[in-house]
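A.B. asks: If you scroll down you'll find the structure; I have some questions about it.
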Amino acid sequence: MMMVARDVTRLPAGLLLAALTLAALTPRVGGVLFRGAGVSVHVAGSAVLVPGDAPNLTIDGTLLFLEGPSPSNYSGRVELLRLDPKRACYTREYAAEYDLCPRVHHEAFRGCLRKREPLARRASAAVEARRLLFVSRPAPPDAGSYVLRVRVNGTTDLFVLTALVPPRGRPHHPTPSSADECRPVVGSWHDSLRVVDPAEDAVFTTPPPIEPEPPTTPAPPRGTGATPEPRSDEEEEDEEGATTAMTPVPGTLDANGTMVLNASVVSRVLLAAANATAGARGPGKIAMVLGPTIVVLLIFLGGVACAARRCARGIASTGRDPGAARRSTRRPRGARPPTPSPGRPSPSPR
């Protein structure tokens, strides 16, 4: 010990401080790891003592895939069994079924798309939230040993959890469990709990009861707050007969199989066509068509008149036609240039 202390004192102060800081920042790994054939469980402790002021009994832990690679898509079932050593039987307190579970690192039942809980009593579990055992307002009868049975990939694993609940300061809530619900143990506890009775799996295959839909009442007509009165069967039959009588038959088939139209139907069709034609030729429709046409025509005539006025103003300002001045300066073809008079310079040819 003296040699070790002497060697430590010889280390540089900076290196010693760095080693102490690294040791302080290193997370302390604690807990117990129980290995199984399909999954393993890591818990801080398989037994828990519930304090007198604790409102809930909770044992947290994580289910892990440690034996081989974790499956990419799997399903499984998780059950919570309560042991009764005095009567050598067990009671199933909780059952859950997980389906369509993806691979999330090495944790089991994380991110499953479907979960169903066909059975839930006082004790429950939520392994996807890292909760292996949960009891709300625990009482002394809730103390004892529980077994978490996990079935996945054709394997069954058992993990024992123990809860201790002191009686002082707690109300007594008796846990009802009849002798029929407590299944007897044949042989050892391990072998009996590992073999699943087909009757126990019936809870997973039985569909949940369908809740009856609430009766619907017809909505009252808009604008009134009164509820429509129920009508008798005779009134409904009379209304149906009146509707049938008012609806004309389109036609009948003759002996040759040709459709003969009913006169009332033909007259109604002709009357509808006449009304449509008359409506199209009414004064309102004609005004709607001719109105925009007249407006466009007036705009066009106004533009033509404006252009004519501009041309007239240009001619009046010059006093003569510009085209006539250009025409007068031109010399006809074949004409001789004018003879210059004495004393005037002759025009130079252009």
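Note that Cβ sites are derived from N, Cα and C of the backbone, with glycine treated the same way.
So Swiss-Prot lists these for the protein:
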- 1-31: signal peptide (SIGNAL)
- 32-285: topological domain 'Virion surface' (TOPO_DOM)
- ASN56: N-linked glycosylation site (CARBOHYD)
- ASN73: N-linked glycosylation site (CARBOHYD)
- ASN153: N-linked glycosylation site (CARBOHYD)
- 202-253: region 'Disordered' (REGION)
- 232-241: compositional bias 'Acidic residues' (COMPBIAS)
- ASN256: N-linked glycosylation site (CARBOHYD)
- ASN262: N-linked glycosylation site (CARBOHYD)
- ASN275: N-linked glycosylation site (CARBOHYD)
- 286-308: transmembrane segment (TRANSMEM)
- 309-350: topological domain 'Intravirion' (TOPO_DOM)
- 316-350: region 'Disordered' (REGION)
A.B. asks: Starting from the Cβ of ASN56 (N-linked glycosylation site), draw a 10 Å sphere and report how many other Cβ atoms land inside it.
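C.D. replies: Within a 10 Å radius of the Cβ of ASN56 (N-linked glycosylation site) lie 10 other Cβ atoms.
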A.B. asks: Which whole-number mean pLDDT does the model give the topological domain 'Intravirion' (309-350)?
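C.D. replies: Mean per-residue confidence for the topological domain 'Intravirion' (309-350): 60 out of 100.
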A.B. asks: Using DSSP and collapsing to three states, where does ASN56 (N-linked glycosylation site) fall: helix, strand or coil?
C.D. replies: strand
A.B. asks: Looking only at Cβ atoms, how many others are within 10 Å of the one on ASN153 (N-linked glycosylation site)?
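C.D. replies: Within a 10 Å radius of the Cβ of ASN153 (N-linked glycosylation site) lie 14 other Cβ atoms.
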A.B. asks: In sequence order, which same-chain residues at least six apart have a C-beta under 8 angstroms from ASN73 (N-linked glycosylation site)?
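C.D. replies: The list for ASN73 (N-linked glycosylation site) reads LEU100, CYS101, PRO102, ARG103, given in order along the sequence.
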A.B. asks: Taking DSSP as the reference, which of helix, strand or coil describes ASN73 (N-linked glycosylation site)?
C.D. replies: strand
A.B. asks: About how far apart, in whole Å, are the alpha carbons (Cα) of ASN56 (N-linked glycosylation site) and ASN153 (N-linked glycosylation site)?
C.D. replies: 33
